[in-house]
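Notes follow once the structure below has been shown.
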């Protein structure tokens, strides 16, 4: 009996949490379809804010920049991260534990510290602010995630398969291409999607590394919000949330961070 | 022969590893070192600016009470947000791991952690829309209650805390869920059949066994919240001055980079102490 009560109370509690997590996002999305410029209620439908996006050069170019940066970052981080994960899995050498431990600080140290440190360093070596610097920074942020996720997938891989392929005469490159990579492909895809999300949603590090003239989308949104906002920001924010949630849903399909699978 | 293979293997390992680790060195570890160097300069060493070594930036932290006070304020904010997230999140993780069964559990879990992976800036903005005076929350509350209420939570301490809890709650749910799921149900059954009450089971069995996950979640929330600046800025308005916004100002408004570097490094030291203290437990959580 008490078990049943607990079940009901638990489900209600869960529903409340989900309400807390999603209600503001849904309100924000709803307001992007509201005609009033000052978020006045009652609600009156209008697609005006989305139409305006199409003629807003600043937002369009920032969006485009964010997207292509995310793709470049995904490509580089996935390739380098997968290579590193395979080496960490396949070979034994002194210092391996240290290399694994080195992945932790970039994930754990607040982005504010990393972002300001990058700004100082890249200015110091003469590279300065701008899109190349942003890409270098994003790749560094995404790499540890890719290595950790691909490593997790590799942990389920039977290393004797590699040995068998080697004994049968395959070269190390062939082993990697024909045996290892096909097995860990879901991990690589999940790592790549996560890298995309890290870059596409990145605000803090981009904020310190991007030039005012060529801001990424989150940086542009931050500066606009501080000046006072319009439903146009709601519209672009709604689109961003839709993109990043779809990317993460895809990533969840390919990895097992859902726990049991 | 064997050593030749070993050498070749090491060479291959080096080839595969060096691009990733060189990248991390250039973009993370060297910058962190550069920050330490900058923090003991009088001015930025660019162009023909005059600079020399000094401890003045750290002295400023020790002598000017403002900086230390802001750090303390940020630590308090971190503690508040962490405590609230743990109190709200742990029961939620428990329900997900031990009460809900079957296929719906996986979907619900995904729904809970999904916002966490979406854009944090946009989520903070969504709270600005909800909390602003005469906004959605104001109207909803006034529609339910018979007497007029003026809520206006925007630009207040509460707004910052609400936004941050919203941002980081999924962390502690995620880590606690993973820890709770690892507890064998038969252990709980055994305790129950031996006559243990629900509270006893919670206190003596479930809490100790899920503690590593809980602590991991708490640390993962506390550390970024102490370094947060965007959330206090957007939701706190004039009240939103914290240690993070102080650092931000040194880099984007005041342009006192050496002082900013010193303040960042002090924050890094605090963060490293916390991570160091928690590392035995974090290692147990195997995240």
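Yeah, the Cβs are placed from backbone N, Cα and C, and that goes for glycine too.
For the transmembrane segment (A:12-33), the residues of the chain that approach it from at least six positions outside its boundaries are 39, 43, 45-47, 49-50, 231, 234-235, 237-238, 241, judged by C-beta separation under 8 angstroms. What TrEMBL records for A:12-33 (among others) is transmembrane segment.
Taken from TrEMBL, the feature domain 'ABC transmembrane type-1' covers A:63-251.
Summarising the annotation, TrEMBL assigns transmembrane segment to A:67-89 (among others). Using a Cβ-Cβ cut-off under 8 Å and counting only residues 6 or more beyond its ends in the same chain, the transmembrane segment (A:67-89) has close neighbours at 96, 99-100, 131, 134-135, 138-139, 142-147, 150-151, 154-155, 157, 159, 176, 180-181, 184, 188, 191-193, 195-196, 198-200, 216.
Summarising the annotation, TrEMBL assigns transmembrane segment to A:101-123 (among others).
Summarising the annotation, TrEMBL assigns transmembrane segment to A:135-156 (among others).
Per TrEMBL, the feature transmembrane segment maps to A:183-209 (among others).
What TrEMBL lists as transmembrane segment is A:233-252 (among others).
The list of residues near the transmembrane segment (A:233-252) in space but at least 6 beyond its ends in sequence, with Cβ under 8 angstroms from a Cβ of it, reads 25, 28-29, 31-32, 49-50, 52-53, 59, 63, 189-190, 193-194, 196-197, 200-201, 217-218, 221, 224-225, 258.
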